[in-house]
Each structure stands twice: as C-alpha cells, then as structure tokens.
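Undergrad: One structure follows; several queries about it will come next.
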Amino acid sequence: MTDHRTRFLQLALDADALRFGEFTLKSGRLSPYFFNAGRFDSGAKTAQLAQCYADAIDAAGVEFDLLFGPAYKGIPLATALACAYAGRGRDLPLAFNRKEAKDHGEGGTLIGAPLQGRKVLIVDDVITAGTAIREALGIIRAAGGTPSGIVVALDRQEIASEQDRRSAAQAVAAEAGIPVIAVANLADLLAFAAGNADLVGFREPLLAYRGRYGTDTTG
C-alpha cells in the first residue's frame, strides 16, 4: 500500500473521521465502519488531508488546470488542496458552486476562477449516490469547462444494488468518461486493519461486508 494511503487512513483514524463498530448507512445497510470527512475540523488536520489528496492525484497522473469544489464539503477540500499545491510551487485556479443562486453582488451559482477552456478536477469527500458529482459535471460543462477527473477521500467499493453491481464511483466514471481517484479504498482499509493491532478484530466484519456488498474490484 502506497504511503499516502497509509497516512490518510491513520490521519482519519486519529481524527475520529474513520470509526469502527456498527453503523446504519443511508442505504439501510449495516456497516462495520463509517467515514465522516467533517471530522477533519482544524487547520492542521485539513492541511495534512490535502497533502494526501495531492499525493494521490500526482500518483494517478491526471491532467488538470483548475480545481472545483462542489457545495458543500467539496469547497473546503478544494480550497485546502489549492493551498497544498501552492506550497509545492503550483498555483492553481479554484472555483466552487453555491446551492442557492444569488440575484445580487456577483450573482449566479458559481464563485471563483472562470471555468471556460479549463481542464477541471472535481474535489469531494466521497461518492455515495453520485448525485452531487453529476450536478457538478453539468455545471462545469455549462460554464465551458471540461471535466478531467474526480478525486475523493475514500471509495467504499460497494455495489449500488443487486441489479447494478458497479459502485457509484464506477458508474460515474463510466458515464462521464473520466477517472475517479480515491486517496484510499476498501481494499486499502482491509490491509490497514490487518497491520494495526488495535483494528485486527474488525477485519472479519470488514471481510464479511465486502463479501456481501463489495464490487468485483475489492478483492
């Protein structure tokens, strides 16, 4: 497992953003783990998280020249990532959307750098159903930008339904024709748990969950 994946999972565990136990998801599934990016709630935590994102993006080799953060969690993530890249000597333009259009001031739903003619990387925490990402894709194209990829913190690598054996990330990637980059995924989480004495007891529930809901790419 590459270093940024290990660093991210340890950071998430330390921040209580990654928790183990029994959690009922919005889908109704009973999950042995839960991820909440909202727990990266300080400058230091967010800065470290952004470095993990940047390392994952660089490892993937995707080409982009603008960062876009979908409202709401994508906004601070994209902003922190832009700061991380500035610290590496790459000053990237940044944009995001608001969910409610304004009829005064700058107006509209878009804030930040113009998207026209840009290769846009979408930055978010997770892809659950894909609704917010699909909305972001439409906004970017309508503004004259070209989506070039999507980056998220964690890919749960679980099927959308028994009828659609793809994950939400796989479905969005196929529909949009662009890569979805994850800082870490369920397979990484399993490897991380196996190497952590405090988490070994959660490995069997994780394996059982993957066996029931995992995509074909989690093995």
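Backbone N, Cα and C define each Cβ position, glycine as well.
Quick paste from Swiss-Prot:
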- Lys26, 72-73, 98-99, Lys102, His104, 124-132: 5-phospho-alpha-D-ribose 1-diphosphate binding site (BINDING)
- Phe34, Phe35, Thr128, Arg156: orotate binding site (BINDING)
Undergrad: Work through the binding-site residues one by one (Lys26, Lys99) and point out the residue whose CB has the fewest other CB atoms within 10 angstroms.
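TA: Sparsest of the binding-site residues Lys26, Lys99 by Cβ contacts within 10 Å: Lys26.
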Undergrad: Ranked by the number of other Cβ atoms within 10 Å of their own Cβ, which of the binding-site residues Ile127, Ala129 ranks first?
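TA: Max Cβ neighbours within 10 Å, all protein chains included: Ile127.
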Undergrad: Indicate whether Thr131 (5-phospho-alpha-D-ribose 1-diphosphate binding site) is helix, strand or coil by DSSP.
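TA: DSSP call for Thr131 (5-phospho-alpha-D-ribose 1-diphosphate binding site): helix.
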Undergrad: Nearest of the binding-site residues to Ala129 (5-phospho-alpha-D-ribose 1-diphosphate binding site) by CA-CA distance, picking from Phe34, Phe35, Arg156?
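TA: Of all the candidates listed, Arg156 is nearest in space.
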Undergrad: Nearest of the binding-site residues to Asp125 (5-phospho-alpha-D-ribose 1-diphosphate binding site) by CA-CA distance, picking from Phe34, Phe35, Arg156?
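TA: Checked the binding-site residues Phe34, Phe35, Arg156; minimum Cα distance to Asp125 (5-phospho-alpha-D-ribose 1-diphosphate binding site) goes to Phe35.
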Undergrad: Would you mind checking how many other C-beta atoms are within 10 angstroms of the C-beta on Thr131 (5-phospho-alpha-D-ribose 1-diphosphate binding site)?
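TA: Other Cβ atoms found within 10 Å: 11.
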Undergrad: Cβ neighbours within 10 Å, counted over all protein chains: which one of the binding-site residues Phe34, Phe35 has the most?
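TA: For the binding-site residues Phe34, Phe35, the Cβ with the most other Cβ atoms within 10 Å is Phe35.
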Undergrad: Enumerate same-chain residues with a sequence separation of six or more from Arg156 (orotate binding site) and a Cβ-Cβ distance below 8 A; give 'none' if the list is empty.
TA: Phe35, Val126, Ser167, Asn185, Leu186
Undergrad: Please report the distance from the Cα of Thr131 (5-phospho-alpha-D-ribose 1-diphosphate binding site) to the Cα of Phe34 (orotate binding site), rounded to the nearest angstrom.
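TA: Their Cα atoms are separated by 20 Å.
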Undergrad: Taking only the Cα atoms, work out how far Lys73 (5-phospho-alpha-D-ribose 1-diphosphate binding site) lies from Thr128 (orotate binding site), in Å, as a whole number.
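TA: Approximately 13 Å lies between the Cα of Lys73 (5-phospho-alpha-D-ribose 1-diphosphate binding site) and that of Thr128 (orotate binding site).
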Undergrad: How many whole Å apart are the CA atoms of Ile127 (5-phospho-alpha-D-ribose 1-diphosphate binding site) and Phe34 (orotate binding site)?
TA: 14
Undergrad: Just name the winner among Lys73, Asp125, Thr128 (the binding-site residues) by count of other CB atoms within 10 A of its CB.
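TA: For the binding-site residues Lys73, Asp125, Thr128, the Cβ with the most other Cβ atoms within 10 Å is Asp125.
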Undergrad: Using DSSP with the three-state reduction, classify Phe34 (orotate binding site) as helix, strand or coil.
TA: strand
